[in-house]
Amino acid sequence: MDAFYYLVFGGLAAVVAVMELSKTSRDRVATSSSFNAFKNNYLLVYSLMMAGDWLQGPYVYYLYSQYGFDKGDIGRLFIAGFGSSMLFGTIVGSLADKQGRKRACVTYCITYILSCITKHSPEYKVLMVGRILGGISTSLLFSAFESWLVAEHNKRGFDPQWLSVTFAKAIFLGNGLIAIVSGLFANLLADNLGFGPVAPFDAAACCLAIGMAIILSSWSENYGDPSDSKDLITQFKGAAAVIASDEKIALLGAIQSLFEGSMYTFVFLWTPALSPNDEDIPHGFIFATFMLSSMLGSSIASRLMARGTLKVESYMQLVFAISAFTLLLPIISNFLVAPSAVKGGSISFGSCIQLLGFCVFEACVGIFWPSIMKMRSQYIPEEARSTIMNFFRIPLNIFVCIILYNVNAFPITIMFGMCSIFLFMASVLQRRLMVVAESHKSKPQDWTGLRERDDETESLNI
């Protein structure tokens, strides 16, 4: 079955190459030279930031196990990371609107570099601190950079349609090409050159330091809420009021949590799904194949968003429905293909079918990221962008923590079935979002008006 992996990878690589090389003027958005310079600067920084993240991924679990910790200890470290992202990350990420998005991006670099440094210690408490710092960094990575980009893009007067170009290319590079190269480079450092499992973390710290230097030297600062008197609690209340008052934002948050919760659950489930009897599968090569699928998805998304007549809210309904079906394949294959009782060996026929389905799911992930970014730029008010985006991550982190804690409590088919239901719900909510957006062509709820009403209420209470 070894030829099967090369066939899938080669086929995907060929399709991605054809998709990129065959783009016509209809598939591209005409932009200005000043925008291209701005876009390329952001893509360079974003790629370095994602390299700092991807370099660590393949060796986190392995490093902990090399330090002598068992599955339970390692599980608690991972739960601490997601819990930190939910609690501390939400607070720190929300401060970006008040203290500045550039400053938040620099904070991401510093906290993640410190997290990498802790990997040199075999002490459990030090590693726990590293996971907490990593959780904070994750929240900043998925809120501060996008918030800075949208605000700076609008401040410079670029066409709002051009944002989709940056989003699609950022996912193509950061979540695709950079992920593949980072995985191969981490393997080169740790295994081929014999530097050990800590080496990828040192390389990640170097990428983050270079990115931070570029941010400090070339990025300008921008803010969300201009109010000087608002404290963090009032800021949280205001963000909650915006979500509650605008159905579009609430729907967007629910859709994001349902999809990302299923996506992160898939990360934990794909290995046991493809090797239920401890089959010998090339994990690194399969991971690279998934990232190539994600690149294909982002390439498709860039074509879709380049056509002004096709709305994101429309095609994402189909994307969620397809992703729901792909995660049903482990259940379907168990009924249609008799599972093998032989331990070890190569990948089974049923798992081959699942792998193809998982590649389709990863392509849907590649479409999802730039599309959800586009919708967030349209519906989330600028004054509270980082705060609301971190609010969206709270149910996601709770969900992932529950899954991690109970990952061995349910059969894998039940877990995939649950994810499929969540994705189908996301498709239904996406349909509702399109209906609401079409019936309310006005701008998102005015944050300033809500703030003034909050201030009036506080003054009356005083």
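Just so you know, glycine gets a Cβ as well, placed from its N, Cα and C.
Now, the feature entries from TrEMBL:
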- 6-22: transmembrane segment (TRANSMEM)
- 43-62: transmembrane segment (TRANSMEM)
- 74-96: transmembrane segment (TRANSMEM)
- 129-150: transmembrane segment (TRANSMEM)
- 170-189: transmembrane segment (TRANSMEM)
- 201-219: transmembrane segment (TRANSMEM)
- 285-306: transmembrane segment (TRANSMEM)
- 318-341: transmembrane segment (TRANSMEM)
- 347-369: transmembrane segment (TRANSMEM)
- 390-406: transmembrane segment (TRANSMEM)
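Contacts between the transmembrane segment (347-369) and the transmembrane segment (170-189): present, as 3 or more C-beta pairs lie under 8 angstroms, all at sequence separation of six or more. Within its own chain, the transmembrane segment (285-306) is flanked in space by residues 5, 8-9, 12-13, 15-16, 19-20, 23, 26-29, 58, 164-165, 167-169, 171-172, 175-177, 179-180, 183-184, 270, 274, 312, 315, 355, 358-371, 374, which lie at least six positions past its ends and keep a Cβ under 8 Å from the stretch.
Residues of the same chain lying 6 or more positions beyond the ends of the transmembrane segment (43-62) and with a Cβ under 8 Å from any Cβ of it are 74, 105, 108-109, 112, 116, 141, 145, 166, 169-170, 173-175, 178-179, 181-183, 185-187, 190, 197, 200-201, 203-205, 207-208, 210-211, 214-215, 219, 284, 287. Where the transmembrane segment (74-96) meets the stretches 129-150, 170-189, 201-219, the count of C-beta pairs under 8 angstroms peaks at 129-150.
Panel annotation: around the transmembrane segment (201-219), residues 41, 44-45, 48-49, 51-53, 55-56, 59, 63, 102, 105-106, 109-110, 112-113, 116-117, 119-120, 148, 152, 185-186, 189 of the same chain, lying at least six beyond its termini, place a Cβ under 8 Å from a Cβ of the stretch. Outside the transmembrane segment (129-150) by six or more residues, the chain places 42, 45-46, 49, 53, 77-78, 80-86, 88-90, 92-93, 96-97, 101-102, 104-105, 107-108, 111-112, 114-119, 163, 166, 219, 222, 224, 373, 376-377, 382, 385-386, 389-390, 393 with a CB less than 8 A from a CB of the stretch.
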